[in-house]
Amino acid sequence: MTRAKGLGFDVVRVAKPDAIPLAPERLKYWLGQGHHGSMEWMAETAERRADPRTLWPEVRSILLLGLNYGPTGDPLATLAVKDRASISVYARNRDYHDVIKGKLKEVAGFLAARGGSDVKVFVDTAPVMEKALAEAAGLGWQGKHTVIVSREFGNWLFLGAIFTTAELPADAPERDHCGSCRRCLDICPTNAFPAPYQLDARRCISYLTIEHKGHIPSDLREGIGNRIFGCDDCLAVCPWNKFAKAGREARLMQRDDLTALPLAELARLDDPTFRITFAGTPIKRTGRDRFIRNVLIAIGNSGDPGLAEEAVRLLDDSSPLVRAMAVWATARLLPSEMVADQAERRLDDEADPEVRAEWARAVEGKFLRNASPAGEYA
Ligand code: B12
Ligand code: SF4
Ligand code: SF4
(Lines of atoms letter the chains of each structure in order from A and count residues from 1; the text may use other names and numbers.)
(Lines give C-alpha, C1' and ligand atoms only; values in the text may rest on other atoms or scores of the structure.)
(Ligands and ions follow the chains in the order given, each with its own letter.)
Protein backbone atom coordinates (compact mmCIF):
# COMPACT_ATOMS: atom_id res chain seq x y z
CA MET A 1 0.00 0.00 0.00
CA THR A 2 2.82 2.38 0.87
CA ARG A 3 4.48 1.53 -2.43
CA ALA A 4 1.27 2.30 -4.34
CA LYS A 5 0.88 5.63 -2.57
CA GLY A 6 4.53 6.46 -3.24
CA LEU A 7 3.78 5.94 -6.93
CA GLY A 8 1.00 8.50 -6.82
CA PHE A 9 -2.14 6.46 -6.12
CA ASP A 10 -4.30 8.25 -3.59
CA VAL A 11 -6.28 5.31 -2.29
CA VAL A 12 -5.78 1.54 -2.31
CA ARG A 13 -8.29 -1.00 -1.01
CA VAL A 14 -8.93 -4.71 -1.37
CA ALA A 15 -12.02 -6.69 -2.43
CA LYS A 16 -12.61 -10.40 -2.76
CA PRO A 17 -13.53 -11.69 -6.24
CA ASP A 18 -16.99 -12.76 -5.03
CA ALA A 19 -17.77 -9.31 -3.60
CA ILE A 20 -20.14 -8.14 -6.38
CA PRO A 21 -23.00 -10.69 -6.42
CA LEU A 22 -25.53 -8.19 -7.82
CA ALA A 23 -23.34 -7.08 -10.71
CA PRO A 24 -24.08 -9.93 -13.20
CA GLU A 25 -27.84 -9.36 -13.09
CA ARG A 26 -27.47 -5.59 -13.32
CA LEU A 27 -25.05 -5.78 -16.21
CA LYS A 28 -27.41 -8.16 -18.00
CA TYR A 29 -30.31 -5.77 -17.46
CA TRP A 30 -28.27 -2.81 -18.75
CA LEU A 31 -27.28 -4.70 -21.87
CA GLY A 32 -30.83 -6.02 -22.32
CA GLN A 33 -32.12 -2.44 -22.38
CA GLY A 34 -29.62 -1.66 -25.14
CA HIS A 35 -28.05 1.02 -22.91
CA HIS A 36 -24.59 0.19 -24.24
CA GLY A 37 -25.54 1.48 -27.71
CA SER A 38 -22.87 0.61 -30.25
CA MET A 39 -20.29 -0.47 -27.62
CA GLU A 40 -20.67 -4.08 -28.72
CA TRP A 41 -17.54 -5.03 -26.81
CA MET A 42 -19.57 -4.56 -23.61
CA ALA A 43 -21.97 -7.31 -24.68
CA GLU A 44 -19.32 -9.58 -26.17
CA THR A 45 -17.37 -9.67 -22.89
CA ALA A 46 -20.37 -9.72 -20.53
CA GLU A 47 -19.71 -13.12 -18.97
CA ARG A 48 -16.11 -12.35 -18.04
CA ARG A 49 -16.98 -8.80 -16.99
CA ALA A 50 -19.74 -9.90 -14.62
CA ASP A 51 -17.49 -12.16 -12.54
CA PRO A 52 -13.74 -11.67 -11.99
CA ARG A 53 -13.39 -15.43 -11.46
CA THR A 54 -14.54 -16.09 -15.01
CA LEU A 55 -11.93 -13.66 -16.28
CA TRP A 56 -9.18 -15.33 -14.20
CA PRO A 57 -10.15 -18.40 -12.15
CA GLU A 58 -6.98 -18.25 -9.98
CA VAL A 59 -7.70 -14.75 -8.64
CA ARG A 60 -8.02 -14.63 -4.83
CA SER A 61 -7.90 -10.88 -4.09
CA ILE A 62 -8.38 -7.68 -6.09
CA LEU A 63 -6.63 -4.42 -5.28
CA LEU A 64 -8.61 -1.39 -6.37
CA LEU A 65 -6.54 1.75 -6.77
CA GLY A 66 -7.80 5.29 -7.19
CA LEU A 67 -5.85 8.20 -8.63
CA ASN A 68 -7.19 11.67 -7.91
CA TYR A 69 -7.46 13.96 -10.96
CA GLY A 70 -9.33 16.78 -9.24
CA PRO A 71 -9.44 19.94 -11.41
CA THR A 72 -7.98 23.22 -10.20
CA GLY A 73 -10.75 25.56 -11.40
CA ASP A 74 -14.46 25.26 -12.23
CA PRO A 75 -14.60 22.35 -14.73
CA LEU A 76 -17.77 23.76 -16.29
CA ALA A 77 -16.46 27.31 -16.83
CA THR A 78 -15.94 26.93 -20.60
CA LEU A 79 -19.56 25.87 -21.19
CA ALA A 80 -20.61 29.51 -21.21
CA VAL A 81 -18.01 30.57 -23.79
CA LYS A 82 -19.85 29.54 -26.92
CA ASP A 83 -17.10 30.09 -29.50
CA ARG A 84 -14.69 27.90 -27.52
CA ALA A 85 -14.51 24.15 -27.08
CA SER A 86 -15.23 22.44 -23.80
CA ILE A 87 -13.04 19.37 -23.31
CA SER A 88 -13.72 17.07 -20.37
CA VAL A 89 -11.31 17.36 -17.43
CA TYR A 90 -10.04 13.83 -17.89
CA ALA A 91 -8.88 14.54 -21.44
CA ARG A 92 -7.02 17.81 -20.90
CA ASN A 93 -3.61 16.17 -20.80
CA ARG A 94 -2.04 12.70 -21.15
CA ASP A 95 -4.19 9.62 -21.65
CA TYR A 96 -4.83 8.28 -18.14
CA HIS A 97 -4.67 4.69 -19.40
CA ASP A 98 -0.97 5.15 -20.21
CA VAL A 99 -0.19 6.95 -16.96
CA ILE A 100 -2.03 4.51 -14.68
CA LYS A 101 -0.96 1.34 -16.47
CA GLY A 102 2.72 2.14 -15.88
CA LYS A 103 2.10 2.76 -12.18
CA LEU A 104 -0.04 -0.38 -11.80
CA LYS A 105 2.68 -2.50 -13.34
CA GLU A 106 5.19 -1.19 -10.83
CA VAL A 107 2.91 -1.92 -7.84
CA ALA A 108 2.08 -5.36 -9.26
CA GLY A 109 5.75 -6.15 -9.83
CA PHE A 110 6.49 -5.24 -6.24
CA LEU A 111 3.61 -7.39 -4.94
CA ALA A 112 4.64 -10.37 -7.03
CA ALA A 113 8.28 -10.14 -5.93
CA ARG A 114 7.37 -9.78 -2.26
CA GLY A 115 4.69 -12.45 -1.94
CA GLY A 116 5.57 -14.80 -4.78
CA SER A 117 2.02 -14.46 -6.12
CA ASP A 118 0.82 -14.14 -9.71
CA VAL A 119 -0.63 -10.76 -10.69
CA LYS A 120 -2.50 -9.10 -13.57
CA VAL A 121 -3.16 -5.36 -13.96
CA PHE A 122 -6.24 -3.72 -15.48
CA VAL A 123 -7.22 -0.14 -16.20
CA ASP A 124 -10.21 -0.03 -18.46
CA THR A 125 -8.35 -2.47 -20.70
CA ALA A 126 -10.09 -5.71 -19.76
CA PRO A 127 -13.65 -6.69 -18.96
CA VAL A 128 -13.64 -5.76 -15.27
CA MET A 129 -16.47 -3.98 -13.43
CA GLU A 130 -14.14 -1.53 -11.82
CA LYS A 131 -16.82 0.64 -10.21
CA ALA A 132 -18.75 -2.20 -8.57
CA LEU A 133 -15.49 -3.68 -7.26
CA ALA A 134 -14.31 -0.26 -6.03
CA GLU A 135 -17.55 0.16 -4.09
CA ALA A 136 -17.15 -3.31 -2.60
CA ALA A 137 -13.59 -2.44 -1.58
CA GLY A 138 -14.78 0.77 0.11
CA LEU A 139 -13.07 3.24 -2.23
CA GLY A 140 -16.36 5.07 -2.55
CA TRP A 141 -19.94 4.34 -3.60
CA GLN A 142 -21.59 4.33 -7.01
CA GLY A 143 -23.56 7.56 -6.99
CA LYS A 144 -26.87 8.05 -8.74
CA HIS A 145 -24.87 9.08 -11.81
CA THR A 146 -23.20 5.61 -11.59
CA VAL A 147 -19.66 6.98 -11.07
CA ILE A 148 -17.70 6.23 -7.87
CA VAL A 149 -17.91 9.06 -5.35
CA SER A 150 -15.35 9.24 -2.59
CA ARG A 151 -15.85 11.08 0.69
CA GLU A 152 -12.24 12.19 0.40
CA PHE A 153 -11.88 13.00 -3.32
CA GLY A 154 -15.42 13.61 -4.54
CA ASN A 155 -16.01 12.40 -8.12
CA TRP A 156 -12.51 12.80 -9.43
CA LEU A 157 -10.88 9.39 -9.18
CA PHE A 158 -9.54 7.24 -11.98
CA LEU A 159 -9.71 3.57 -11.14
CA GLY A 160 -7.30 0.73 -11.75
CA ALA A 161 -7.29 -2.89 -10.61
CA ILE A 162 -4.66 -5.49 -9.77
CA PHE A 163 -5.77 -9.10 -9.64
CA THR A 164 -3.60 -11.37 -7.52
CA THR A 165 -3.46 -15.02 -6.44
CA ALA A 166 -2.45 -13.84 -2.94
CA GLU A 167 -5.01 -14.04 -0.12
CA LEU A 168 -5.25 -10.47 1.20
CA PRO A 169 -7.68 -9.28 3.89
CA ALA A 170 -10.67 -7.51 2.30
CA ASP A 171 -11.68 -3.97 3.25
CA ALA A 172 -15.23 -3.05 4.26
CA PRO A 173 -17.53 -1.77 1.49
CA GLU A 174 -18.61 1.88 1.37
CA ARG A 175 -22.28 2.68 1.81
CA ASP A 176 -24.38 5.02 -0.32
CA HIS A 177 -24.27 8.64 0.80
CA CYS A 178 -26.47 10.16 -1.95
CA GLY A 179 -29.54 10.45 0.27
CA SER A 180 -32.30 12.51 -1.31
CA CYS A 181 -29.89 14.47 -3.53
CA ARG A 182 -30.48 14.25 -7.30
CA ARG A 183 -28.34 17.10 -8.61
CA CYS A 184 -26.43 14.90 -11.06
CA LEU A 185 -29.65 13.50 -12.52
CA ASP A 186 -31.24 16.91 -12.99
CA ILE A 187 -28.25 18.63 -14.60
CA CYS A 188 -27.77 16.11 -17.42
CA PRO A 189 -28.20 18.09 -20.67
CA THR A 190 -29.38 15.08 -22.66
CA ASN A 191 -31.50 13.29 -20.07
CA ALA A 192 -29.32 10.21 -20.02
CA PHE A 193 -30.57 8.75 -16.73
CA PRO A 194 -33.74 6.67 -17.15
CA ALA A 195 -33.63 6.16 -13.35
CA PRO A 196 -31.20 6.86 -10.50
CA TYR A 197 -28.15 4.54 -10.70
CA GLN A 198 -28.83 3.77 -14.35
CA LEU A 199 -27.25 5.38 -17.37
CA ASP A 200 -28.45 5.02 -20.93
CA ALA A 201 -25.10 5.52 -22.66
CA ARG A 202 -26.85 6.19 -25.98
CA ARG A 203 -27.93 9.57 -24.62
CA CYS A 204 -24.72 10.40 -22.75
CA ILE A 205 -22.51 13.10 -24.29
CA SER A 206 -19.43 11.19 -23.24
CA TYR A 207 -20.56 8.22 -25.32
CA LEU A 208 -21.80 10.32 -28.23
CA THR A 209 -18.65 12.42 -28.57
CA ILE A 210 -16.07 9.72 -27.77
CA GLU A 211 -17.36 6.19 -28.36
CA HIS A 212 -20.02 6.60 -31.02
CA LYS A 213 -18.63 6.25 -34.51
CA GLY A 214 -21.69 7.21 -36.55
CA HIS A 215 -23.88 10.27 -36.94
CA ILE A 216 -25.18 11.80 -33.72
CA PRO A 217 -29.00 11.71 -33.54
CA SER A 218 -30.42 15.16 -34.26
CA ASP A 219 -32.53 15.36 -31.10
CA LEU A 220 -29.39 15.15 -28.95
CA ARG A 221 -27.22 17.66 -30.78
CA GLU A 222 -28.53 20.78 -29.10
CA GLY A 223 -27.93 19.36 -25.61
CA ILE A 224 -24.28 18.77 -26.47
CA GLY A 225 -23.65 22.53 -26.49
CA ASN A 226 -19.91 23.11 -26.92
CA ARG A 227 -18.83 19.82 -25.28
CA ILE A 228 -16.62 18.41 -28.02
CA PHE A 229 -15.03 15.58 -26.05
CA GLY A 230 -16.67 14.02 -22.99
CA CYS A 231 -18.81 15.68 -20.37
CA ASP A 232 -18.37 16.52 -16.68
CA ASP A 233 -21.71 18.02 -15.76
CA CYS A 234 -23.04 15.21 -13.56
CA LEU A 235 -19.67 14.87 -11.83
CA ALA A 236 -19.07 18.58 -11.31
CA VAL A 237 -22.34 19.28 -9.48
CA CYS A 238 -21.91 16.58 -6.84
CA PRO A 239 -21.86 18.18 -3.37
CA TRP A 240 -19.22 15.67 -2.23
CA ASN A 241 -16.68 17.55 -4.37
CA LYS A 242 -16.39 20.02 -1.51
CA PHE A 243 -13.87 17.55 -0.09
CA ALA A 244 -12.01 17.19 -3.41
CA LYS A 245 -8.38 18.21 -3.74
CA ALA A 246 -6.47 19.15 -6.88
CA GLY A 247 -4.77 16.16 -8.51
CA ARG A 248 -0.99 15.94 -8.02
CA GLU A 249 0.01 13.84 -11.08
CA ALA A 250 1.65 16.36 -13.43
CA ARG A 251 0.87 14.37 -16.57
CA LEU A 252 -2.85 14.55 -15.77
CA MET A 253 -3.02 18.22 -14.83
CA GLN A 254 -4.90 20.31 -17.33
CA ARG A 255 -2.87 21.77 -20.16
CA ASP A 256 -3.90 25.40 -20.43
CA ASP A 257 -3.66 25.26 -24.23
CA LEU A 258 -6.37 22.55 -24.27
CA THR A 259 -8.78 24.21 -21.87
CA ALA A 260 -10.74 26.55 -24.12
CA LEU A 261 -9.60 26.17 -27.71
CA PRO A 262 -11.34 28.39 -30.31
CA LEU A 263 -13.83 26.37 -32.38
CA ALA A 264 -12.73 28.21 -35.54
CA GLU A 265 -9.18 26.93 -35.06
CA LEU A 266 -10.28 23.34 -34.39
CA ALA A 267 -12.53 23.27 -37.45
CA ARG A 268 -9.43 23.79 -39.60
CA LEU A 269 -7.49 20.79 -38.35
CA ASP A 270 -6.60 18.27 -41.03
CA ASP A 271 -5.46 14.77 -40.16
CA PRO A 272 -1.75 15.55 -39.55
CA THR A 273 -2.39 18.72 -37.52
CA PHE A 274 -5.07 16.93 -35.51
CA ARG A 275 -2.59 14.19 -34.63
CA ILE A 276 0.10 16.66 -33.62
CA THR A 277 -2.23 18.84 -31.53
CA PHE A 278 -3.63 15.92 -29.55
CA ALA A 279 -0.64 13.56 -29.43
CA GLY A 280 -0.59 11.58 -26.17
CA THR A 281 -4.09 12.69 -25.11
CA PRO A 282 -7.22 10.49 -25.17
CA ILE A 283 -8.64 12.77 -27.87
CA LYS A 284 -6.29 11.39 -30.51
CA ARG A 285 -8.10 8.05 -30.39
CA THR A 286 -11.33 9.41 -31.91
CA GLY A 287 -9.56 10.36 -35.12
CA ARG A 288 -9.94 13.62 -37.02
CA ASP A 289 -13.32 12.98 -38.67
CA ARG A 290 -15.27 12.16 -35.51
CA PHE A 291 -13.57 15.04 -33.75
CA ILE A 292 -14.57 17.53 -36.46
CA ARG A 293 -18.12 16.10 -36.34
CA ASN A 294 -18.19 17.13 -32.66
CA VAL A 295 -16.66 20.55 -33.35
CA LEU A 296 -19.37 21.20 -35.97
CA ILE A 297 -22.08 20.42 -33.44
CA ALA A 298 -20.52 23.00 -31.11
CA ILE A 299 -20.36 25.48 -34.01
CA GLY A 300 -24.03 24.84 -34.78
CA ASN A 301 -24.83 25.49 -31.12
CA SER A 302 -22.71 28.65 -30.87
CA GLY A 303 -25.33 31.03 -32.22
CA ASP A 304 -22.35 32.86 -33.74
CA PRO A 305 -22.88 33.69 -37.45
CA GLY A 306 -19.15 34.46 -37.62
CA LEU A 307 -18.52 30.72 -37.40
CA ALA A 308 -20.79 29.92 -40.35
CA GLU A 309 -17.89 30.19 -42.80
CA GLU A 310 -16.14 27.26 -41.04
CA ALA A 311 -19.26 25.14 -41.42
CA VAL A 312 -19.70 26.12 -45.08
CA ARG A 313 -16.08 25.24 -45.87
CA LEU A 314 -16.59 21.77 -44.38
CA LEU A 315 -19.66 21.13 -46.56
CA ASP A 316 -17.13 19.85 -49.13
CA ASP A 317 -15.09 17.69 -46.74
CA SER A 318 -14.18 14.19 -47.93
CA SER A 319 -15.80 12.56 -44.86
CA PRO A 320 -19.61 12.09 -44.95
CA LEU A 321 -19.61 12.23 -41.14
CA VAL A 322 -18.16 15.73 -41.36
CA ARG A 323 -20.32 16.85 -44.31
CA ALA A 324 -23.52 15.83 -42.55
CA MET A 325 -22.69 17.88 -39.46
CA ALA A 326 -21.50 20.78 -41.61
CA VAL A 327 -24.98 20.82 -43.16
CA TRP A 328 -26.57 20.87 -39.71
CA ALA A 329 -24.30 23.63 -38.42
CA THR A 330 -24.80 25.71 -41.58
CA ALA A 331 -28.56 25.39 -41.26
CA ARG A 332 -28.39 26.56 -37.64
CA LEU A 333 -26.34 29.66 -38.44
CA LEU A 334 -27.36 30.92 -41.88
CA PRO A 335 -30.72 32.29 -43.10
CA SER A 336 -32.87 29.72 -44.90
CA GLU A 337 -32.41 31.20 -48.40
CA MET A 338 -28.64 30.91 -48.05
CA VAL A 339 -28.99 27.31 -46.85
CA ALA A 340 -31.14 26.51 -49.89
CA ASP A 341 -28.50 28.08 -52.13
CA GLN A 342 -25.71 25.98 -50.58
CA ALA A 343 -27.86 22.85 -50.97
CA GLU A 344 -28.58 23.53 -54.62
CA ARG A 345 -24.88 23.84 -55.37
CA ARG A 346 -24.08 20.46 -53.87
CA LEU A 347 -27.03 18.10 -54.01
CA ASP A 348 -26.41 16.89 -57.58
CA ASP A 349 -22.96 15.63 -56.60
CA GLU A 350 -23.81 14.33 -53.11
CA ALA A 351 -23.96 10.53 -53.23
CA ASP A 352 -24.10 9.76 -49.51
CA PRO A 353 -27.74 9.04 -48.50
CA GLU A 354 -27.32 10.31 -44.95
CA VAL A 355 -25.79 13.59 -46.05
CA ARG A 356 -28.61 13.97 -48.58
CA ALA A 357 -31.17 13.33 -45.83
CA GLU A 358 -29.44 15.97 -43.71
CA TRP A 359 -29.72 18.45 -46.60
CA ALA A 360 -33.40 17.63 -47.04
CA ARG A 361 -34.12 18.43 -43.38
CA ALA A 362 -31.96 21.55 -43.51
CA VAL A 363 -33.82 22.93 -46.51
CA GLU A 364 -37.15 22.23 -44.82
CA GLY A 365 -35.87 24.38 -41.94
CA LYS A 366 -36.33 21.58 -39.43
CA PHE A 367 -33.13 22.25 -37.61
CA LEU A 368 -33.95 25.89 -37.14
CA ARG A 369 -37.24 24.99 -35.56
CA ASN A 370 -35.58 22.11 -33.76
CA ALA A 371 -38.46 19.91 -34.86
CA SER A 372 -36.72 17.06 -36.61
CA PRO A 373 -37.79 13.53 -35.72
CA ALA A 374 -35.89 11.92 -32.84
CA GLY A 375 -33.09 9.47 -33.34
CA GLU A 376 -33.17 8.94 -37.08
CA TYR A 377 -29.67 7.48 -37.03
CA ALA A 378 -30.16 5.52 -33.82
C1 B12 B 1 -18.48 1.75 -20.63
C2 B12 B 1 -17.91 2.91 -19.86
C3 B12 B 1 -18.45 4.18 -20.09
C4 B12 B 1 -19.71 4.37 -20.90
C5 B12 B 1 -20.92 3.94 -20.04
C6 B12 B 1 -20.86 4.52 -18.60
C7 B12 B 1 -21.58 3.70 -17.56
N8 B12 B 1 -22.13 4.38 -16.58
O9 B12 B 1 -21.62 2.48 -17.62
C10 B12 B 1 -19.63 5.89 -21.22
C11 B12 B 1 -18.94 6.09 -22.56
C12 B12 B 1 -20.97 6.63 -21.27
C13 B12 B 1 -18.72 6.39 -20.11
C14 B12 B 1 -18.70 7.69 -19.67
C15 B12 B 1 -17.88 8.17 -18.66
N16 B12 B 1 -16.87 7.49 -18.07
CO17 B12 B 1 -16.57 5.58 -18.36
N18 B12 B 1 -16.25 3.70 -18.36
C19 B12 B 1 -16.86 2.71 -18.93
C20 B12 B 1 -16.23 1.37 -18.51
C21 B12 B 1 -15.31 0.90 -19.62
C22 B12 B 1 -17.22 0.25 -18.15
C23 B12 B 1 -18.39 0.68 -17.22
C24 B12 B 1 -19.43 -0.43 -17.09
O25 B12 B 1 -19.11 -1.53 -16.71
N26 B12 B 1 -20.70 -0.13 -17.41
C27 B12 B 1 -21.76 -1.13 -17.35
C28 B12 B 1 -22.86 -0.78 -16.37
C29 B12 B 1 -23.75 -2.00 -16.14
O30 B12 B 1 -22.25 -0.43 -15.19
P31 B12 B 1 -22.78 0.62 -14.17
O32 B12 B 1 -23.42 1.85 -14.66
O33 B12 B 1 -21.61 0.80 -13.30
O34 B12 B 1 -23.94 -0.27 -13.52
C35 B12 B 1 -24.15 -0.31 -12.17
C36 B12 B 1 -25.30 0.56 -11.74
O37 B12 B 1 -26.24 0.63 -12.77
C38 B12 B 1 -25.75 -0.19 -10.53
N39 B12 B 1 -27.19 -0.24 -10.35
C40 B12 B 1 -28.15 -0.61 -11.18
N41 B12 B 1 -29.34 -0.54 -10.61
C42 B12 B 1 -29.14 -0.12 -9.37
C43 B12 B 1 -30.05 0.13 -8.34
C44 B12 B 1 -29.56 0.57 -7.13
C45 B12 B 1 -30.52 0.84 -6.06
C46 B12 B 1 -28.17 0.74 -6.93
C47 B12 B 1 -27.62 1.18 -5.63
C48 B12 B 1 -27.26 0.48 -8.00
C49 B12 B 1 -27.78 0.06 -9.20
O50 B12 B 1 -25.30 -1.53 -10.62
C51 B12 B 1 -24.56 -1.72 -11.80
C52 B12 B 1 -23.40 -2.63 -11.51
O53 B12 B 1 -22.56 -2.13 -10.49
C54 B12 B 1 -15.43 1.81 -17.22
C55 B12 B 1 -14.11 1.07 -16.97
C56 B12 B 1 -14.37 -0.31 -16.39
N57 B12 B 1 -13.77 -1.32 -16.97
O58 B12 B 1 -15.10 -0.43 -15.42
C59 B12 B 1 -15.18 3.33 -17.46
C60 B12 B 1 -15.31 4.24 -16.25
C61 B12 B 1 -16.57 3.90 -15.52
N62 B12 B 1 -15.48 5.57 -16.83
C63 B12 B 1 -14.95 6.52 -16.15
C64 B12 B 1 -15.10 7.90 -16.44
C65 B12 B 1 -14.14 8.85 -15.75
C66 B12 B 1 -16.11 8.34 -17.31
C67 B12 B 1 -16.58 9.79 -17.55
C68 B12 B 1 -16.58 10.66 -16.30
C69 B12 B 1 -15.70 10.42 -18.67
C70 B12 B 1 -16.11 11.82 -19.10
N71 B12 B 1 -15.82 12.85 -18.31
O72 B12 B 1 -16.68 12.00 -20.15
C73 B12 B 1 -18.02 9.56 -18.09
C74 B12 B 1 -19.06 9.52 -16.95
C75 B12 B 1 -20.47 9.30 -17.41
C76 B12 B 1 -21.34 8.61 -16.34
N77 B12 B 1 -22.22 9.36 -15.68
O78 B12 B 1 -21.18 7.41 -16.13
C79 B12 B 1 -14.20 5.99 -14.93
C80 B12 B 1 -15.03 6.28 -13.67
C81 B12 B 1 -14.19 6.46 -12.43
C82 B12 B 1 -15.05 6.53 -11.22
N83 B12 B 1 -14.65 7.36 -10.26
O84 B12 B 1 -16.06 5.87 -11.09
C85 B12 B 1 -14.07 4.44 -15.29
C86 B12 B 1 -14.14 3.50 -14.11
C87 B12 B 1 -12.72 4.31 -16.03
C88 B12 B 1 -11.53 4.29 -15.08
N89 B12 B 1 -10.75 3.24 -15.12
O90 B12 B 1 -11.29 5.20 -14.31
N91 B12 B 1 -17.99 5.37 -19.60
S1 SF4 C 1 -21.56 12.77 -18.56
FE2 SF4 C 1 -22.91 14.47 -19.18
S3 SF4 C 1 -24.31 13.60 -20.69
FE4 SF4 C 1 -23.31 11.87 -19.64
S5 SF4 C 1 -24.72 11.37 -17.98
FE6 SF4 C 1 -23.27 12.85 -17.12
S7 SF4 C 1 -24.24 14.86 -17.43
FE8 SF4 C 1 -25.32 13.41 -18.74
S1 SF4 D 1 -24.85 14.62 -7.12
FE2 SF4 D 1 -26.04 13.88 -5.37
S3 SF4 D 1 -27.16 12.09 -6.17
FE4 SF4 D 1 -25.50 12.54 -7.61
S5 SF4 D 1 -23.80 11.27 -6.97
FE6 SF4 D 1 -23.52 13.23 -5.94
S7 SF4 D 1 -24.55 12.98 -3.94
FE8 SF4 D 1 -25.26 11.31 -5.27
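Just so it is clear, glycine is given a Cβ too, placed from its N, Cα and C backbone atoms.
Note that TrEMBL annotation is computational and uncurated.
Features as listed in TrEMBL:
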type: ACT_SITE; residues: Asp124; note: active site, proton donor
type: BINDING; residues: Arg49, Asp124, Ile148, Leu159, Ser206, Cys231, Asp232; note: cob(II)alamin binding site
type: BINDING; residues: Cys178, Cys181, Cys184, Cys238; note: [4Fe-4S] cluster 1 binding site
type: BINDING; residues: Cys188, Cys204, Cys231, Cys234; note: [4Fe-4S] cluster 2 binding site
type: BINDING; residues: Lys213; note: tRNA binding site
type: DOMAIN; residues: 169-198; note: domain '4Fe-4S ferredoxin-type'
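Features recorded in TrEMBL, as mapped to the structure shown.
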residue	record	contacts (Cβ under 8 Å, 6+ apart)
Arg49	cob(II)alamin binding site	Leu27, Met42, Leu55, Pro127, Val128, Met129
Ile148	cob(II)alamin binding site	Gly66, Lys131, Ala134, Glu135, Leu139, Gly140, Trp141, Gln142, Asn155, Leu157, Leu159
Cys178	[4Fe-4S] cluster 1 binding site	Trp141, Gly143, Lys144, Val149, Pro196
Cys184	[4Fe-4S] cluster 1 binding site	Gly143, Lys144, His145, Phe193, Asp233, Cys234, Leu235, Val237, Cys238
Cys188	[4Fe-4S] cluster 2 binding site	Cys204, Asp233, Cys234
Ser206	cob(II)alamin binding site	Ser88, Gly230, Cys231
Lys213	tRNA binding site	Ser38, Arg290
Asp232	cob(II)alamin binding site	Pro75, Leu76, Ser88, Val89, Tyr90
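The domain '4Fe-4S ferredoxin-type' (169-198) scores a mean pLDDT of 97 in the predicted structure. If one looks beyond the domain '4Fe-4S ferredoxin-type' (169-198) by at least 6 residues along the same chain, the residues whose Cβ comes under 8 Å of a Cβ in the stretch are 13-16, 19, 30, 33, 35, 61, 135-146, 149, 151, 204-205, 208, 220, 223-225, 227, 231, 233-235, 237-240. In sequence order, His145, Cys184, Ile187, Pro189, Thr190, Ala192, Phe193, Leu199, Ile205, Ser206, Asp233 are the residues of the same chain, not among Cys188, Cys204, Cys231, Cys234, whose CB sits within 8 A of the CB centroid for the [4Fe-4S] cluster 2 site. Taking Leu159, Cys181, Cys204, Cys231, Cys234, Cys238 as the candidate binding-site residues, the subset whose CB lies under 6 angstroms from any atom of ligand 1 consists of Leu159, Cys204, Cys231, Cys234.
The candidate set comprises the binding-site residues Cys181, Cys204, Cys238. Of these, Cys204 has the most other Cβ atoms within 10 Å. Cβ-based crowding with a 10 Å cutoff singles out Cys231 as the top-ranked of the binding-site residues Leu159, Cys231.
Proximity to ligand 3 (Cβ under 6 Å from any of its atoms) holds for these binding-site residues out of Cys184, Cys204, Ser206, Cys234: Cys184. Secondary structure from DSSP puts Leu159 (cob(II)alamin binding site) in a beta strand.
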